[in-house]
Structures are given as structure tokens and as C-alpha cells.
Amino acid sequence: MRAARMAQSTGRQLLRLRGVSSWPGELLGQPRPGPARRPYASGVAQAAVDQSDSQPSEASTREKRANSVSKSFAVGTFKGQLTTDQVFPYPSVLNEDQTQFLKELVGPVTRFFEEVNDAAKNDMLERVEETTMQGLKELGAFGLQVPNELGGVGLCNTQYARLVEIVGMYDLGVGIVLGAHQSIGFKGILLFGTKAQKEKYLPKLASGETIAAFCLTEPSSGSDAASIRSSAVPSPCGKYYTLNGSKIWISNGGLADIFTVFAKTPVTDTATGAVKEKITAFVVERSFGGVTHGPPEKKMGIKASNTAEVYFDGVRVPAENVLGEVGGGFKVAMHILNNGRFGMAAALAGTMKGIIAKAVDHAANRTQFGEKIHNFGLIQEKLARMAMLQYVTESMAYMVSANMDQGSTDFQIEAAISKIFGSEAAWKVTDECIQIMGGMGFMKEPGVERVLRDLRIFRIFEGTNDILRLFVALQGCMDKGKELSGLGNALKNPFGNAGLLLGEAGKQLRRRAGLGSGLSLSGIVHQELSRSGELAVQALEQFATVVEAKLIKHKKDIINEQFLLQRLADSAIDLYAMVVVLSRASRSLSEGHPTAQHEKMLCDSWCIEAAARIRENMTALQSDPQQQELFRNFKSISKALVERGGVVTSNPLGF
């Protein structure tokens, strides 16, 4: 019972990531209680399904739907739609001046990490050397996206991604110091800060004179951010809040002077007068007093970064230091995290690039059995798969950054996918590099073991991959639920909504009959990639068929079906990976890039295997009795382990 409540709570928290309700549509059989409420009754989500009781016209229905249609490709996959606006053609967002400026930065930053920064020494010292920190400040590395007028470099997201890729290639420990500072540490001030807050804090943060940290996680609050216990009580005069609490595992916690802190505050409902505790974000200065930190944590990796517990004891925070709205802290936190995930993918694309170079160097020079080992099929497959994973991650990172630079607001699922994929791909690539290098890879000197240690945290950082998988699946299912709800409402007035009903019904009937939905990437992908484009469309149709069937079966209880949601997320990730490489390789082929044929091979190889994985996953999910037995077994085995306190079976020898 407790597990079920936890699962339901997790599901609802995940669906709050974009500020929407967690209730599926009326067609799914569970209307939300209350006279004026409808499924997904908040913001844009409500607009998607809100219908007048006076049977709306087809025109008004179309208008409402058009105003709320997501441009996200990932959202579209759950609905069986090819939403190509943000993925084709592969975006080129930098103008000539931006490109030239970026080129002028790439050289010095690369040389700095090759000639000045010593990643191995940083790891050994468990801190970044002061000369390195000073050099980074002189490069402007602490304020890459802060506007020029506030002392920063003023980079857009795509320019930022290119420089972060260099950092990730050379030293992930330094990358965490820089990322914890600007990707999340003061990102809230950039996104939500008032003019006064920006002018007061950003110049010194951009120069590196002051360091920032992001304080969300607590001993009792990890993935469930809404369960934080730190509190900020407003003074009777309303001029300040008194902040108490502690935060754990805070990157830059022992270095920071400025903290973005999340705490519960009492908020009065203006309509009812009821007082509820809601999360509020604050900009907190160490100089306020009452802010202390513990010793640096001893960690598996990213040892060069500072990680510490931070304590707030009766800290007086001025009311003007509220970040965003009072009670709006959850939204602030999620926007900060969503906004920064593409940078993680970009950094890890750089990490893989550096690791692949080490693996290739060893394979090209190591002789065994009278042959260079790169001539052996097993090594060739490893290198090829490493290249594919790097290509996909890099393609995702720059796709998302470009979408953001173009002003898109529908990138949350894609950003989460890029973080999941990149962190897992980098681990696989580095693990395989060690395997190719054999015993040498296990030694400290080549530095690959350090990278492997550094990488492990990235599947936990800024939203664990498990939680993000649930977010991807639940957000996609929620949007599909809105569509089903819209169809249900349209059925109340079939004549007034004939166009909508005939279009959707025809598409679904064709899909269910195995005739396809008429979707095609023909004319969108390069003709040399037409076969891979067909594989992507077929995979999307298989995926959408299963999503619809499972939503109709489970209704709102799909939030508890984590075994199912994980498998849906995996396929959504594969689908997005397919389209980003199809898009990038199509551009390279169309523009005649020197590496176009190599990219075609990477793309085709990825699409063949990804389509097979999706087909296998969806076929298994459609074999309902077997899948349900498997899921029941997982639950029972886990329960037995917990009750026993470990492994249940006895040794084969009986003692």
C-alpha cells in the first residue's frame, strides 16, 4: 500500500514539472471531482481540452487546439504524430558574427585546458588549483551566458554548448565547478531575477569574484523536491524572512558566497484565506550571517569539485531577495534544471570525443597475435558503437540548444532525454575504452579511470535518470491523454467536429489495421537516408499504438505503472535519437560535408538497431499476460529481498 502511494505521489510530482495537473482525460474514465474542473485543468493543458457546454463549433475547436498544440517532437511521438518543426532541418542558429566570435574563443579555451589545467593534479589535490581558477576567471568562464552589459561574455545556448564541450573533453571536475556556478547556481537570477537583483549580483558572479551554488537537496528530500523541510518564515513587518534548514551534497557549497535556496514558506490563498506551505526560492548571501558549511565530502569522482553540506541558522533574508514569486519556488527549480540539461549533454559529448581518441590511439598502436588490434572485429564493433553514441549525444545537445535559442518553450522532454542519453552513453564509451586498453586502461596514468569515476554522478545529478524516465513517459502520456479527452468531447457533438473525428479516427483505424497512418519523412530526410526514415516512422507508429492501448487500459493509474513507463521512455529516447541523427546527417549530405558519408553510416547503423529495440519493446508490451507475469515477478522478488534483508537463496553447498 505504501509503495502504491509513493508511486502515485511520484507520478503527480513528475507531472507538475511543467505546472500541469496529473489527471488523465475524461475519455479515460476518471473525471476529476469538482463542478468547474476538467482533466488537466491548468494553464495551457486546460486550454487543450476545455470545451463549452453549448457544443462548440468545429472552427472554435480547431482554434483552441491550434493555440495549445505542442511543437515538441517527443510529445508528438506519444500521439503518433510527426511533429517536425523543431527537428527538421537540423538547425543552424548562429549568425556570422556569433560564429566568428565563438571561433575566437574555442582556440584559447582549448589551449588553456591542454597547457594550463592539470586534471590529474586537480583530482589528486581534491580541488582546482588556484592558478587554474584565476585563469578561468580571466577567460570569462564564470559568466559565459551573463549579458555583456552585466560583465559577462553574453553567449547564446549554442555558443555555450560548444565551450562546455571543450571543458567536458578535458576535465569534468572543473566542469562541475563551472556548471554548478552558472548552469544552476545563479541561473535562477538570469531567468527569474528582477532588474535590481541582476544588477546587484551578476557582475561579480560573471567575473568569478563571487561563486554561486544551487541549494535544493536535503537529507529527506532527493528526487522528491516537494518534500523539503527547510523553512523561511516572514517577519511581522514583512521586510525579511528567517531561513532555517540544511542542504546536502551541494556543489560549490564550501566555496560559494551566493546561494539559490529553496525553502517552504506560508502562503495565504486569497480566495479561501487558508494558509498552505509552498516552496519559495531565495537569493541568499553568505554575508547575511548564519550561513555555514561542513567539510568537503569524500567522493568517488569529480574530486576536484567542492561538495559540502550547507547550514542556514536563523538567516535573515530580505524580502526583495525572493526569486520569482512567493510560493513559486518549485517552478523556479524545475525551470533552472530544465534549462541547464542540454549543457550536460554537450559536456559529455566532449568527454566521449576525448575518450574515443584514447581508445583509437591504443587500438591503432597495440599489436597482438601479429596484428594491430584495430583489425579485429570485436574491437571494430566497440569503436563503431562508441562513435555512434558520441554522434547521437552531440546531435541531441546542439538540437536542444538551437531550439532554445530559437525561442522554443517546448523542449523539456528533449532536454531530459539528452541528459539521460548522454550520461549513459558516456559511461558505456568510457567503460569500453578501458576494455580496449585492457590492463593499461585500469591504470591511473592514462587517466581513463578518473573519467569513469567522474562520470558516475551524471546519472544522478540534476534529476536521476530513473526519475527523468518517468517524467518523459508521464509527460508524453499526459499529452496523449489530452488528445483522447478532446476526442471524447468531440464525440458529444459529432457533426460539429466531423473534421477532427474523421481525421483522428481514420489515422487510428489505419494504424490498428497495420496499414500505417500515412506518416512519412519522404522529402524531409535526404534521399540517401530514406530507408532509415521509413524505420523511424514505422517505429513511431508501433510506439503510438501501444501508448494509446495502455492509456485506455490503465487510465489515471498509469502513473503507478513504472515498469511500463520505463519501457515507454526507453522507446521515446530511441525515437528522438533516430530523428536527430536523421536530421543532422541529412544536412551534411545536402551540404556536401566532407564527413557526410561517414555520418550516413552512423545514422543508418543507429536507426537499424534503435528500430529493432523499439519493435522488441512494443511487441513485449503487447504480449500482456507475459509482461504482467514478468512485472509481478519483479515486485515479488524485490519484496522478498527487502523482507530478508538481502539475497534470499542459500548457497548451492547448503551452508
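The backbone N, Cα and C atoms fix where each Cβ goes, and this holds for glycine too.
The Cβ of E462 (active site, proton acceptor) has I184, L337, G340, R341, M344, K419 as same-chain neighbours under 8 Å, each 6 or more residues away in sequence. Secondary structure at E462 (active site, proton acceptor), taken from DSSP and collapsed to helix, strand or coil, is coil. Swiss-Prot lists E462 with the feature active site, proton acceptor, giving similarity to another entry as the kind of evidence.
The N6-acetyllysine annotation in Swiss-Prot covers K71 (among others). Proximity of K71 (N6-acetyllysine) to non-local residues of its own chain (separation of 6 or more, Cβ distance below 8 Å) is seen for T83, D85, Q86, S408, D410, given in sequence order.
The annotation N6-succinyllysine is assigned in Swiss-Prot to K71 (among others) on the grounds of similarity to another entry. According to DSSP, K71 (N6-acetyllysine) is assigned to coil rather than to any helix or strand.
Look at Swiss-Prot and you will find K239 (among others) tagged as N6-acetyllysine, backed by similarity to another entry. The Cβ neighbour count for K239 (N6-acetyllysine), using a 10 Å radius over every protein chain in view, is 11.
Look at Swiss-Prot and you will find K276 (among others) tagged as N6-succinyllysine, backed by similarity to another entry. K276 (N6-succinyllysine) carries a strand DSSP state (E or B).
The N6-acetyllysine annotation in Swiss-Prot covers K276 (among others) and rests on similarity to another entry. The Cβ neighbour count for K276 (N6-succinyllysine), using a 10 Å radius over every protein chain in view, is 12.
K278 (N6-acetyllysine) has a Cβ environment of 16 other Cβ atoms inside 10 Å. As annotated by Swiss-Prot, N6-acetyllysine applies to K278 (among others), with the evidence given as similarity to another entry.
Annotated N6-acetyllysine per Swiss-Prot: K298 (among others), in sequence order, evidence recorded as similarity to another entry. Secondary structure at K298 (N6-acetyllysine), taken from DSSP and collapsed to helix, strand or coil, is coil. Every protein chain considered, the tally of other Cβ atoms within 10 Å of the Cβ of K298 (N6-acetyllysine) stands at 8.
The feature N6-succinyllysine is assigned by Swiss-Prot to K331 (among others), with similarity to another entry given as support. Around K331 (N6-succinyllysine), a 10 Å sphere centred on its CB holds 18 further CB atoms from the protein chains shown.
Residues or ranges marked as N6-succinyllysine in Swiss-Prot (evidence: similarity to another entry): K372 (among others). Summarising the environment of K372 (N6-succinyllysine), the number of other Cβ atoms within 10 Å of its Cβ, over all protein chains shown, is 13.
The N6-succinyllysine annotation in Swiss-Prot covers K482 (among others), and the record cites similarity to another entry as its basis. Annotation note: K482 (N6-succinyllysine) sits in a helical segment as assigned by DSSP. Its Cβ taken as reference, K482 (N6-succinyllysine) is surrounded by 27 other Cβ atoms within 10 Å in the chains shown.
Here S522 (phosphoserine) comes close to S530, G533: these same-chain residues lie at least six apart in sequence, with C-beta atoms under 8 angstroms from its C-beta. According to its DSSP assignment, S522 (phosphoserine) is coil. Look at Swiss-Prot and you will find S522 (among others) tagged as phosphoserine.
DSSP assigns K556 (N6-acetyllysine) to a helix. Feature annotation from Swiss-Prot assigns N6-acetyllysine to K556 (among others).
Marked as region 'Disordered' by Swiss-Prot: 22-66.
Under the heading region 'Membrane-anchoring', Swiss-Prot lists 483-516.
Annotated transit peptide per Swiss-Prot: 1-40, in sequence order.
The two recorded residues K278 (N6-acetyllysine) and K556 (N6-acetyllysine) have their Cα atoms spaced 25 Å from each other.
In the three-state DSSP scheme, K372 (N6-succinyllysine) is classed as strand. Put simply, K276 is the one of the modified residues K276, K298, K372 whose Cα lies nearest to the Cα of K556 (N6-acetyllysine).
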